[in-house]
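Have a look at the structure below, then the notes.
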């Protein structure tokens, strides 16, 4: 089966005025080897690849080791979305973003400002300030945030044209742990929203796309799968399926059973004598 995450021409993903061919964004860390990373990217055909300037290789053969990784990114020819992973202060975020812009020659930045090292939860108290400063400096900011409605609204208020709420803490693979909040957030905000972090299964991605989310960003679920390449394809298909289902319009849930086959009359053998 050939997997392609291309989207219909009449239903593009648009972020900061730029149109993308896919609604899947893919991280580049923790893959067993550069070859598997490359194959997974080719299978998933993502809109963008996220990469951190604060990489530290676990082993010489890791997918993120040395200059070879940067050469691989260039060879893949997929737009790179630099991130500020590992930053714990607004000052760190600004410095890292500026270095990323110079290195990759791009105004795009995935804003990550961590407030707790155990859960990797965003620092919601300083996130809006960081986003505001980056936007004033000319960045196109995609902020990693929680599903908190007020926080996301504040990010939009300071100029973020898209937000990226988590489904669950980074790397947990638990899927949407607060469906109510995520669905409410989708209902209340009109800007593009991509679920970032915590997705573990293609069904998780399909679910949030069915709710009307505009895309997903994932990494660990593919990188740590037994077969990363096949899993990348499965997620690409799931994102497409979820988007198609959302556009098709799901039936309303019912509290009681409804016969799928209409009964227009009573069979003759049921008539009383």
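Cβ atoms are placed via backbone N, Cα and C, with glycine included.
Long-range Cβ neighbours of residue 110 (active site, schiff-base intermediate with DXP) (same chain, at least 6 residues apart, Cβ-Cβ under 8 Å): 50, 81, 82, 83, 84, 142, 143, 144, 164, 217. DSSP gives residue 110 (active site, schiff-base intermediate with DXP) a strand state. The active site, schiff-base intermediate with DXP annotation in Swiss-Prot covers 110.
The secondary structure of residue 198 (1-deoxy-D-xylulose 5-phosphate binding site), as reduced to three states from DSSP, is coil rather than helix or strand. Remark: residue 198 (1-deoxy-D-xylulose 5-phosphate binding site) has 166, 167, 168, 169, 170, 171, 172, 173, 174, 175, 176, 177, 204 as non-local neighbours, by Cβ distance under 8 Å and separation of at least 6 in sequence. Annotation source Swiss-Prot lists 1-deoxy-D-xylulose 5-phosphate binding site at 171, 197, 198, 219, 220, citing sequence analysis.
Marked as region 'Disordered' by Swiss-Prot: 251-273.
Max Cα-Cα distance over the annotated 1-deoxy-D-xylulose 5-phosphate binders (171, 197, 198, 219, 220) is 9 Å.
Cβ packing within 10 Å was compared across the binding-site residues 219, 220, and the lowest neighbour count falls to 220. Least packed by the Cβ count within 10 Å, out of the binding-site residues 171, 197, is 171. For the recorded site, residue 171 (1-deoxy-D-xylulose 5-phosphate binding site), the DSSP three-state label reads coil.
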